[in-house]
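Asks: The following feature annotations were taken from Swiss-Prot:
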- Gly126, Thr127, His128, Gly129, Lys130, Thr131, Thr132: ATP binding site (BINDING)
Amino acid sequence: MNTQQLAKLRSIVPEMRRVRHIHFVGIGGAGMGGIAEVLANEGYQISGSDLAPNPVTQQLMNLGATIYFNHRPENVRDASVVVVSSAISADNPEIVAAHEARIPVIRRAEMLAELMRFRHGIAIAGTHGKTTTTAMVSSIYAEAGLDPTFVNGGLVKAAGVHARLGHGRYLIAEADESDASFLHLQPMVAIVTNIEADHMDTYQGDFENLKQTFINFLHNLPFYGRAVMCVDDPVIRELLPRVGRQTTTYGFSEDADVRVEDYQQIGPQGHFTLLRQDKEPMRVTLNAPGRHNALNAAAAVAVATEEGIDDEAILRALESFLGTGRRFDFLGEFPLEPVNGKSGTAMLVDDYGHHPTEVDATIKAARAGWPDKNLVMLFQPHRFTRTRDLYDDFANVLTQVDTLLMLEVYPAGEAPIPGADSRSLCRTIRGRGKIDPILVPDPAQVAEMLAPVLTGNDLILVQGAGNIGKIARSLAEIKLKPQTPEEEQHD
């Protein structure tokens with residue numbers, strides 16, 4: 001970036017001119033790292049800390065950031081401001097040191113709000129679909145030559161990054177409701193994909209509280225802003241009269257302003273028509289499977305149409321859409337002869353979905369695109385509280401696959417809850433009489449326990465939000481083949 005471009009960018013956020021050094025505690029998270037990446041490209045001195053290196057920290061170090069793989073008071077020395085993720089506790093030594101030194105400590109969303117303040121902000125919220133919809137909107141705006149800045153919770157595969165600094169006036173960002181911090185944002189346009197019970201500890205277990213928080217988020221829009229909302233979702237339909245802002249609805253419903261019809265999935269692509277008010281019908285080829293992704297695309301098209309983006313640019317972006325990391329992420333197709341001696345192959349797909357609705361959507365997309373495949377799922381429940389709160393829903397959804405292998409619950413810092421563990425969930429599913437789940441007690445046993453259930457015409461879904469993504473990549477690296485002790489030692 002040349003000096004003139006940097007000066008222009010620094011003038012966008014005038015209140016931050018006195019800020020020189022920004023320190024992130026928990027910088028390795030996708031959301032934190034994305035904001036740090038944008039600020040690094042704007043010319044700020046960036047430092048941060050986390051417990052272990054990952055691709056996010058490597059990318060930031062490539063940009064000149066200083067990363068500490070520990071949490072120590074001296075890490076915040078000389079920082080102008082400290083940005084903290086919701087996963088970091090108040091007694092973290094860096095947070096304590098910052099307070100003692102009277103260094104401002106702010107949440108991630110507060111910094112995102114500062115980036116958005118002097119740009120045309122587009123915020124994408126909702127229980128499911130935020131990351132993919134953010135990537136779709138970003139792809140359309142980039143295809144239209146608008147050079148947006150985007151900050152996403154997942155890897156935007158076309159760009160190879162979670163976030164990118166553009167020179168245009170648009171900032172497109174995923175808005176996180178998990179800790180209610182999206183209330184800091186004041187966008188011009190807000191998408192709400194759906195609203196379901198999740199992260200209920202943030203909302204005192206009160207669903208009405210969660211719904212009101214989404215209304216409060218939408219009321220952060222200016223009176224001339226616009227809310228784009230999925231009318232197929234029963235909670236959104238209920239809340240629409242309370243929004244108090246201009247709205248555009250989308251969905252398969254007949255009364256949607258942007259309506260999806262004639263949906264058909266062929267392999268990994270969706271084909272459908274979008275009907276828009278006062279516009280010609282748009283026949284879409286979307287390079288992403290599933291009816292849920294058609295809805296995500298409808299939201300993106302609604303925003304782009306409102307902005308006046310040319311239909312041809314919209315269609316090009318959706319047809320060439322490369323998706324996001326860990327969202328129906330195709331990792332390869334592998335011959336089974338070296339794995340278990342059988343002929344044929346197995347496809348390997350990695351997916352982040354960890355709520356029953358998300359898992360259900362992934363299964364439906366797999367069944368629609370590959371109806372003849374033996375559907376094998378390796379599932380890792382995420383959080384004991386979520387497993388407890390949605391136990392019956394998980395049991396119902398997971399019976400839809402042909403074979404289920406289940407890892408232990410990924411705790412995400414939570415203490416175990418009796419009856420909300422993987423062994424109990426397997427027992428409940430087995431009792432329903434449809435499938436016989438296989439409990440995998442040790443991640444190191446995955447390949448060994450997976451091989452015997454593969455038939456030679458398989459689609460393997462590796463599903464969950466914990467460390468299971470690393471397991472998926474490991475399976476791809478070894479091409480599903482169980483490793484001998486000698487091979488493991490060599491690795």
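Cβ atoms here come from the backbone N, Cα and C positions, even for glycine.
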Asks: What is the Cβ neighbour count of Thr132 (ATP binding site) at a 10 Å cut-off, with all protein chains included?
Replies: 30
Asks: If the ATP site is taken as the center of the Cβ atoms of Gly126, Thr127, His128, Gly129, Lys130, Thr131, Thr132, which further residues of that chain fall within 8 Å of it by their Cβ?
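Replies: The surrounding set, listed in chain order, is Ile124, Thr133, Thr193, Asn194, Asn296.
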Asks: Within its own chain, what residues at least 6 apart in sequence put their Cβ under 8 Å from the Cβ of Gly126 (ATP binding site), listed in sequence order?
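Replies: Spatial neighbours, sequence-distant, of Gly126 (ATP binding site): Thr133, Glu177, Ile191, Val192, Thr193, Asn194, Ile195, Cys230.
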Asks: Can you tell which of the binding-site residues (His128, Lys130) has the fewest other C-beta atoms within 10 angstroms of its C-beta?
Replies: His128
